[in-house]
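Shown next, in structure tokens, is the structure this report addresses.
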Amino acid sequence: MWNQKITEEHRKKLLLAKNAFSKHMTKIKFEVSPEELSSLHELNDKTNPEKLEKMGGAEGLAEILQTDLQMGTRKTEKERKYRDRKKHFGVNRFKEPEFKGFWPLFKDTFDDPTLKILIVSAIVSLVLGVTVEDPKTGWIEGTAILMAVLIVSFVTAINDYQKEKQFRELNKVKDNITCTVVREKQEEEFEGEGEKLAISIHDIVTGDIVVLETGSKVPADGILFYASELKANESVMTGEIKEINKTPEEDCWMISGTEITQGEGKFIVTSVGKHSQWGKIMEKAKSKEEVNTPLQDKLEKMADQIGKLGLWSAVLTVAVLLAKWGFRLYTKLNEGEEFVFHDLVEVVDAVIVGITIVVVAVPEGLPLAVTISLAYSMKKMMEDNNLVRKLESCETMGNATCICSDKTGTLTKNEMTVVAGYFFGEKYEEVPECEQFDEKYLDIFVRSIALNSKAYFHFDEEKQKDVVMGSKTEGALLLMLKQWKQPFNKIREEQENLIAKSIPFSSKRKRMTTIINHKDGYLVFCKGASEIILDKCVMHVNGENLDSLDEERINKLKNVIEGMASNGLRTLCLAYRYVDKNNFDNFLEEDPEKEIETQLTLLSIVGIKDPVRDAVPQAVEDSKSAGVTVRMVTGDNIVTAKHIAKECGIYTEGGLVMEGFDFRHMTNEERLKIIPNLQVLARSSPKDKLTLVKHLKEMGEVVGVTGDGTNDAPALKEANVGLSMGIAGTDVAKEASDIVILDDNFKSIVIAIMWGRSVYDNIRKFLQFQLTVNVVALSTSFLAAVSGVGLPLKAVQLLWVNLIMDTLAALALGTEPPTKDLLKRRPYKKDASLLNGIMKRNIGAQSVYQLLVLLGILKFGGAFFGLDPLVAEEKLHLDCIVFNTFVLMQVFNEINCRKINDEANIFKGIFNNMIFIGIWVGIIIIQAIVIEFGGSFFSTTHLNTFEWGVSTFLGLLSIPLGFVFRLIPAKGDPQ
Ligand SMILES: Nc1ncnc2c1ncn2[C@@H]1O[C@H](COP(=O)(O)OP(=O)(O)OP(=O)(O)O)[C@@H](O)[C@H]1O
Ligand SMILES: [Ca+2]
């Protein structure tokens with residue numbers, strides 16, 4: 001049909017013509033509209049094949065889209081950055097959820113009912129003040145409150161804006177997946193194929209040839225024209241969870257957003273961005289609501305309770321004030337005086353005080369602190385090679401109690417080289433020269449590697465050397481061929497068309513097989529896990545001869561494998577087989593297990609070295625002291641795995657090392673019994689990994705799991721935190737994970753634990769600080785109102801205090817950087833309360849101290865400072881001292897709050913957090929300005945040196961007192 005082959009000749013001519021044409025005119029015009037192309041993929045439209053046929057199938061499309069199925073888009077287009085295509089067909093980006101600008105966010109902050117009431121009251125106060133009080137000074141309080149409200153809203157909006165911006169940036173990185181395309185080579189003319197390039201999916205254009213492999217995510221809509229065992233999971237589109245066979249003949253419609261679960265293929269892109277199926281869905285989908293993290297939930301609950309408490313104390317305070325006012329009015333009227341409008345001023349004042357108390361009491365900063373802390377950590381974690389995809393995972397990571405780690409690439413460097421081997425009957429301690437081998441068998445051996453592998457070299461411009469793309473294990477074999485000066489690239493180019501069938505490598509099967517046409521039959525090349533392949537061998541190449549494998553030989557070979565593995569080498573068997581076509585009706589369709597991969601002839605066993613990463617033993621040590629158990633779950637040989645695990649410190653004397661096979665065949669009870677002692681699970685399948693994770697969770701553990709393969713996705717999803725590999729991981733694994741470890745390094749996982757703990761602790765620091773302020777502010781206002789000394793803290797002052805507490809402290813304490821000390825404690829229990837005994841004691845003791853100080857000044861301050869509270873001006877002065885002392889006590893207590901456990905040195909690491917220092921100094925400077933220049937606006941007056949000295953001293957005292965309070969025994973976190 002439409003995929004009939006155009007002859008080589010014809011293709012070259014066509015391209016020549018096109019290139020000649022493009023030399024004169026670089027700008028390209030297209031005859032087809034993006035809408036027409038998009039209609040090819042209409043869901044549930046039976047006429048799609050017809051439409052495709054009309055366009056001439058994939059070949060025809062290529063012509064229409066001025067591209068080539070083998071060569072890809074033209075090199076001349078590169079200079080123009082594919083501008084014409086992008087202009088005509090659009091770019092491969094989806095409409096992003098709307099980004100609220102600053103002003104809408106600012107407006108949103110006024111949705112808060114308490115703020116609304118405050119504004120109304122301020123306006124009433126303003127009107128009353130100007131009309132009945134004193135036109136000269138009456139406006140001040142109302143205006144000041146309005147200003148303060150504006151500032152509070154402003155700061156809140158800035159915070160929200162920053163947060164949104166940060167998430168957007170992260171989202172951009174998060175969604176930036178790469179994929180492989182074929183584009184015309186820059187240097188040579190018609191040499192073979194175009195060049196394989198890894199580009200961002202956002203850079204794909206209509207007409208690009210995309211290469212798919214196991215684990216790819218289909219980046220755009222298109223038409224498949226080559227496939228080998230290709231299977232896709234299209235459940236995102238159809239909702240149906242099943243693997244669908246994709247072939248150019250039967251089902252060639254590739255849909256963006258779907259996943260390749262197996263095999264490989266190539267397709268030509270027809271629709272990108274908003275024209276693609278996925279884009280259309282995205283267009284309709286509303287932006288997802290943000291969901292709370294567990295910590296945020298806990299805090300919101302707590303904030304709610306505190307808020308209610310605040311509301312009650314406000315109501316009580318207002319009630320007391322109104323009762324007093326009523327009583328005074330009653331006596332006044334009784335004494336025959338008349339009711340004047342001015343009497344109402346007091347009522348409005350009382351209401352304002354009440355509302356201000358509510359504003360202060362509601363700890364809206366609590367959930368905010370989590371967001372600030374998480375957003376900040378997310379950004380910083382990027383620098384430590386952790387890309388956090390789900391916010392709460394950062395938090396959960398801090399509570400992880402065990403980690404199941406891959407071996408290859410995570411614990412080891414994934415830099416593989418063949419260092420030993422068994423070739424054609426002889427064992428070698430290092431890689432031998434190839435000249436000594438029998439030519440015929442060497443040829444088969446080289447072909448078996450060249451054709452039965454997918455890895456290739458790519459010249460890295462930055463590193464100025466060839467790097468292996470694809471499987472590093474295969475890369476090691478190719479490197480050996482390169483060392484032997486064997487032209488594997490040429491073999492691939494020349495013989496690729498001989499390939500009749502290939503069964504790709506999978507972690508489940510642990511082997512890979514390619515069948516090529518050979519004379520009147522087939523050559524089967526098979527390579528994979530050594531025990532598995534060896535089991536399928538009946539013959540072996542011995543020098544120039546073929547010998548059958550007797551028991552003695554098999555034992556010898558097993559020893560060879562065992563010997564290499566116990567040195568930590570990954571072993572791989574390579575074998576082949578010739579079959580006559582006449583012996584089979586249809587050999588290619590036979591069951592691989594039973595008919596294809598049997599009766600093999602052993603060529604070689606290689607030992608591949610993959611050194612342990614330098615930082616790993618230390619990182620494992622750190623996890624252990626942090627109370628996090630590390631287990632190795634690997635697909636590799638048990639002996640190899642054990643050796644590497646020992647080197648990393650994961651395997652210790654008495655620990656259990658087990659194979660996936662045995663694990664699989666145990667009962668649930670048996671498994672639950674052995675798991676606590678299990679350290680290494682070798683030759684495991686992704687399903688074993690999933691089983692292990694499920695059991696660990698049943699046992700109450702908080703589990704972190706690493707994975708790179710597509711079939712690791714279920715385990716990644718099941719885990720409390722799924723960690724995928726940034727380099728080796730497939731798109732599907734990344735999508736299923738919560739955190740992407742960008743450098744694949746186990747060390748980064750330990751750093752993630754540290755960050756998670758840091759977030760949790762920072763919130764508790766903030767909580768400790770905020771609760772102290774709340775308790776003191778509420779009690780002072782209430783007690784002062786009841787006792788009749790008059791409210792020392794004015795509404796505007798309270799609003800400033802609120803700003804210090806909520807926003808500024810959240811920033812200062814929420815961004816404390818993690819320290820290694822965090823890894824010295826065990827993880828918190830899942831149901832552990834946010835407030836431990838130590839924190840409660842600190843909050844209680846500091847509040848009592850602060851209250852005593854404030855009430856003391858109110859009661860005895862007059863005599864001490866020589867001020868007469870009955871004179872309005874001097875009362876204002878005294879209140880100002882109270883206000884100043886109050887703020888300074890908070891400021892110094894903020895330093896106390898940097899530690900939530902009974903750590904003696906509260907200053908430790910303070911200079912590592914410049915945000916804290918900056919905010920701390922900033923608050924003091926602003927406070928000084930408020931006191932000295934605030935005037936009637938803030939109801940403050942100038943304080944002299946002595947008064948400043950006393951308030952500072954009383955503030956400072958909270959630090960030594962903090963040390964004293966630590967002597968009171970209190971319970972820390974349950975361990
Ligand atoms: N490209 C390949 N072709 C054939 N066999 C392979 C290939 N890559 C790996 N193997 C074999 O499969 C085994 C490992 O398979 P698997 O993919 O399950 O583990 P892995 O992911 O490489 O290791 P880990 O689970 O520790 O990260 C290896 O021991 C090796 O013998
Ligand atoms: Ca508040």
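Including glycine, each Cβ sits where the backbone N, Cα and C put it.
Those TrEMBL annotations? Automatic predictions, nothing curated.
In TrEMBL, the feature transmembrane segment is placed on 309-330, out of the ranges 309-330, 749-770. Distant neighbours of the transmembrane segment (115-132): 109, 138-143, 145-146, 149, 152-153, 340-342, 344-345, 348-349, 351-352, 355-356, 359; these residues of the same chain sit at least 6 beyond its ends, with a Cβ under 8 Å from one of its Cβ atoms. Packing against the transmembrane segment (914-938) from elsewhere in the chain are residues 137, 140, 143-144, 147, 794, 796-797, 800, 804, 808-809, 811-813, 815-816, 880, 883-884, 887-888, 891, 894-895, 898: each is 6 or more residues past its ends and has a CB under 8 Å from a CB in it. If you look at the transmembrane segment (309-330), the same-chain residues 6 or more away from its ends with a CB under 8 A from one of its CBs are 339, 343, 346-347, 350-351, 353-355, 357-358, 360-362, 774, 778-779, 781-782, 785-786, 788. The residues of the domain 'P-type ATPase A' (178-285), classed with DSSP into helix (H, G, I), strand (E, B) and coil, number 18 helix, 51 strand, 39 coil.
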